[in-house]
Amino acid sequence: MDPGLGADEITPIALLMDELRSEDVQLRLNAIRRVSTIALALGPDRARDELIPFLQDSVDDEDEILLALADELGKNFEEYIGGNEYAHVLLGPLENLSAVEETLVRDKAAESITRIAAVLTPQQIEQYYIPLLTRLSHGEWFTSRTSSAALYAPVYSKVSQGIQEELRKGFAALGSDDTPMVRRAAAKWLGAFAKNLSKQHILSDGLSIYRRLQADDQDSVRLLTVEDLVVIAQQLSPPEVKEQLLKQIRQSVTDKSWRVRYMAANHFNALSEAVGVELVREELVNHYVQLLKDNEAEVRTAAAGQIPGFSKLLEPEVVIARIVPFVRDLCQDSSQHVRAALANQITGLAPLLGHGPTIEHLLQLFLHLLKDEFPEVRLNIISKLEQVNNVIGIQLLADSLLPAIVELAEDKSWRVRQAIIEYIPLLATQLGKAFFDEQLANLCMSWLGDTVYSIREAATINLKKLTEVFGVDWARTQIVPKVVNMGSHPNYLYRMTTVQAIGTIAPSLNIDIVCDEIIDALLHLATDPIPNIRFNVAKSLEVVATTYGKTKEGKELAQQKVVPVLEELKADQDADVRYFATLASQRALVAMQG
C-alpha cells in the first residue's frame with residue numbers, strides 16, 4: 001500500500017478492482033467504464049505498475065467488456081498514467097485485444113492504437129510500436145494479422161527510411177496472405193497506406209500490392225480495391241494513370257461480380273475526377289454508359305446517383321448525346337429504387353445543360369417521374385424542382401408541371417403531400433398573388449382538413465409563410481376568414497386546426513387583424529366540449545399575449561379578453577387544460593409587464 005494514501009482512499013479503489021473481477025457482467029462493464037477513475041485514484045505510478053498489467057491479463061472476458069476496454073484505453077488514457085512519455089504502456093493490453101476473435105473489439109483496439117500513435121515520439125514508435133506491429137503482422141492467428149493492416153499508415157511518415165522499407169514489405173505480405181480475411185483488411189487499408197507513400201514508392205510498391213488485390217479470386221477483396229484505385233489515381237498524373245491503371249479500371253467496371261461493379265459505380269465520380277478529363281472522355285464515358293444499363297438494379301441505382309457529378313466533367317453536347325438517352329431509359333426502369341435514385345439526381349442536369357436543352361430533353365422526363373407510381377420517386381423529384389426553376393423560370397415550370405403538382409397535392413402518400421406543401425411558398429414567391437389565388441389558394445386551405453396530423457400542421461406553417469410572402473392585407477382577405485369559419489365546423493379536427501392555425505399565423509399578422517377578425521373566434525372555442533381544443537386555445541392565447549402584449553393595443557386586448565378567459569380555463573375540470581392555462585396566464589402577465 002502506498003503510505004501516501006489513507007484507508008478511506010484505498011477502499012473505493014479496492015472495490016472497483018473487485019468489480020473488475022466480479023462474475024456479474026454488468027458490474028464488470030460498469031467498472032471498465034470507470035477505469036479512468038480507478039487510474040486517477042491510483043495515481044500515475046500505480047496505474048502503470050498495477051492497473052495496466054491487470055487489464056493486460058483481462059482479455060479472457062465477454063466481448064462487450066473487451067469492446068468497452070478497447071474504447072476506454074483510446075480516450076486520452078495516457079493522461080492518467082503519466083502523460084505522453086508513458087503512452088506506449090497502453091500498447092500492451094491493446095495488442096492483446098487486437099488478436100481476439102470478435103471483429104468489433106479488434107477494430108476498436110486498432111482505432112485506439114492509432115490514436116495513441118499520434119502522441120508517440122519517433123523513438124517510442126521505433127522502440128515499442130514497430131515491434132508490436134511486427135508481432136501482429138506475423139501472428140499465428142489471422143485475427144492479429146487482420147488488425148495489423150490498419151496500423152501501418154498512422155506511423156509510416158514518422159519512421160526512418162529503413163523502417164519504411166520494412167513496413168512496405170510487411171504490408172505487401174498482408175496483401176498476399178493465404179487467408180481471405182487478411183487480404184480483405186489489406187485492401188481496406190491500402191488507400192490510407194498509399195496516401196503516405198511517395199510517388200516513387202507508389203509506382204514500385206503500392207501498385208504491385210494493389211494489382212495483386214485487384215485480381216484476387218474473392219470478390220469481397222476486389223470490391224474494397226475500388227477505393228484504393230481512386231486514392232492511387234489521385235497520387236499519379238493523368239499520363240501515369242493511363243499507363244499504369246487503365247487495365248485495372250476496365251477490370252473493375254466490368255468485373256464479373258455485381259458487387260464490384262456496384263462499388264465502381266458508387267465511386268465513379270471520385271475516380272473520374274482523379275484520372276483527368278482526357279481519360280474520362282476517351283475511356284470512362286463508355287464504361288459509365290455500361291454501368292447505367294447494367295443488368296443488376298443495384299449497379300444501375302449507384303450509377304444513377306452519379307449522373308450530375310459525372311456530367312460536369314463532360315461537354316453539354318456529349319451529355320445530351322451519350323448520357324441523356326440512357327437517363328430516358330432509366331425513367332422507365334423496372335426497379336423503383338433505380339427510378340428513385342434517378343429522380344433524386346436528374347434535376348442536377350438542368351444547370352449543366354442550360355435553358356433550351358433542359359426544356360427540349362429533360363422537362364418531359366421530370367413530368368414522367370412526377371407521375372411515377374412509386375411515392376419515393378415523386379417525392380425525390382418534387383424536393384429538387386428548385387434547381388429546374390433556376391434554369392427555365394417559374395412560368396414555364398408552372399405551365400408544364402403545375403397540373404402534376406396539383407394532382408400530387410391529393411396523393412395517397414402523405415409524405416408526398418407534405419413535400420408539395422413545403423414547396424408551395426417557393427412557388428408562391430415566384431408566381432405572384434394573382435396566379436396563386438387562382439390556381440393554388442383553395443388547395444392550400446384544403447390541406448387544413450387533411451386526415452393526417454402532420455399535413456394539417458405543415459399546412460398551418462405554410463399559411464404563415466404565405467402571409468410573410470404576400471403580406472398581412474392579403475392574409476386578411478384570403479386566409480383569415482377561411483380559418484375562422486372552420487372554427488364552427490361540427491368535426492372537432494377542423495375546430496382544432498383553426499385554433500392551431502391561429503396560434504401559428506398570429507405573429508405574422510398585426511394587432512388590428514387579431515382584434516377585429518381572430519380573437520372572438522378563439523375565445524368562443526375556449527368553451528368547446530373537447531378538452532384538447534380548450535388547452536390548445538390556452539396555448540394560442542399565450543402566443544397572442546406574448547406577441548402583442550408589449551404594445552398599448554395588445555396590452556388592452558390581453559387585459560380585457562385574454563387574461564379573463566385564461567383565468568376561467570385555470571378552473572377547468574380537465575387537468576391538462578388547467579396546466580396549459582396556468583402556464584399561458586403566467587407568460588402572458590410577464591409579457592404585459594415587460
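Positions of Cβ are set from backbone N, Cα and C atoms, glycine also.
Source: prediction; values computed, not measured.
Feature list (source: TrEMBL):
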DOMAIN    363-512  domain 'Phosphatase 2A Regulatory Subunit A helical'
REPEAT    90-128  repeat 'HEAT'
REPEAT    167-205  repeat 'HEAT'
REPEAT    245-283  repeat 'HEAT'
REPEAT    284-322  repeat 'HEAT'
REPEAT    323-361  repeat 'HEAT'
REPEAT    362-400  repeat 'HEAT'
REPEAT    401-439  repeat 'HEAT'
REPEAT    518-556  repeat 'HEAT'
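Secondary structure by DSSP for the repeat 'HEAT' (362-400): 33 helix, 0 strand, 6 coil.
Proximity of distant same-chain residues to the repeat 'HEAT' (323-361), defined by a Cβ-Cβ separation under 8 Å and at least 6 residues beyond the stretch ends, is recorded for 288-289, 292-293, 297-298, 300-302, 304-312, 314, 316, 368-369, 372, 374, 376-378, 380-381, 384-385, 387-388, 390-393, 396. Note on the repeat 'HEAT' (167-205): DSSP counts are 31 helix, 0 strand, 8 coil.
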